[in-house]
Amino acid sequence: MSHSPETSVGRVTIPTINRWKLDGRRLVMTTAYDAVTARIASPIVDILLVGDSVGNVCLGYDNTLPVSVAMMNHHLEAVARTRPAALLVADMPFLSFHLSREDTIRNAGGFLQRGADAVKLEGGARRLEMVRALVDCEIPVMGHLGLTPQSVNMMGGFKVQGQRADDAVRLLDDAHRLQDAGCFAIVLEGIPAELAARATETLTIPTIGIGAGSSCSGQVLVLHDLLGLTEGRRPKFVRTYADGFGLLQNALSQWVADVRGGTFPSTDESYRLPESAAGAVSGWKPSNPN
Ligand code: KIV
C-alpha cells in the first residue's frame, strides 16, 4: 500500500504539536485504556495516553510497577482499533526501557507497530541513552520528570519532587538534556509551579503538567480521576468534573430495582413469537414427563 499525503489529515501529529506550542495553544492530554474511553476522549482532547496508570486505575494494583509490555500491548491495541484522531502515546512500563538498547527499541517499536504515534518514558539523565536510541530509530519520545510513579520506592512514596534547590536544578538540567536528546514534549508531574514555569519558559518543546501548576504548555489528568471513577482520596491537583462512580452506581441500582420489582424487561424490550409458531409452543408437552 502506498502512503498518500492525506493519510494523516485530521489527525494530531508531532508537527501539529510543535506548531501548537509555537502558536501558544494549550495542549490537553488524558488517558485511555480501552475502546470505550478512547471513543469518549479522542474527539475532545489533543493527546491520548495509554498510561501505565492502567495498573492502578483499572487492574487493581497498588502502583504501576507490575504493568508489563504484554499488558500495555493489550490495552494499546484496544485503543488503536478506534483509530483516534488524537495523537496516541503509549507508556513504556517499568523495566521495558532499562535493560538494553535492543530491548528498549523492540518494546517501543512494538507499540508503534500496534498504532501508537509515540512513546512516553519516565526519568532524566539515566535514561538519555535509551531516548537517543529510540529517536535514532524514528520513534518519537515524550519525557516524564518529577514525581515519576515508577520511582515510588526510590522516592519513599508518592511525594512532591524538586523542592530542594539541588533537586530543582537537577530537574531543569534533566529537562534540557531530554530536549537535546530529541524528546518532542515532557510531562512534568508533582513539582512546584514555579519550577514547572521555569522549565516551560526555558525549553522550546512543550511541557505537559500534572500537579505542576498552570504555566505548563499543556495539562494532563487521568480520565478516571477527572470523571470521578476512581475511589479513595485523590491528589489535590485532580479536579473532578463528575461523580462518575455515584452516577453509574445509581443507574445500576435502578436496573436492579426494576428486575427485582418485575418491571424489567417490558413488552417492548422483549421478542414476540410469530402467530404461526404460537400454537406449537403453547401446546407443547415434555415427551417424557417425570
Ligand atoms: O500513566 C499515566 O497515566 C501517566 C500520566 C499521569 C502522565 O503517566
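From the backbone N, Cα and C atoms, a Cβ is placed for every residue, glycine too.
Binding site for Mg(2+) per TrEMBL: Asp52, Glu122, plus Asp91 from the candidate set Asp91, Asp166, Asp167. With all protein chains in the displayed structure included, the most crowded Cβ environment within 10 Å among the binding-site residues Asp91, Glu122 is that of Asp91. Counted with DSSP, the region 'Disordered' (268-290) comes out as 8 helix, 0 strand, 15 coil. Highlighted in sequence order, Gly51, Ser53, Thr64, Val67, Met92, Pro93, Phe94, Lys120, Leu121, His144, Pro149, Gln150 have their Cβ within 8 Å of the centre of the Cβ atoms of Asp52, Asp91, Glu122, the residues recorded for Mg(2+), and are not part of that set.
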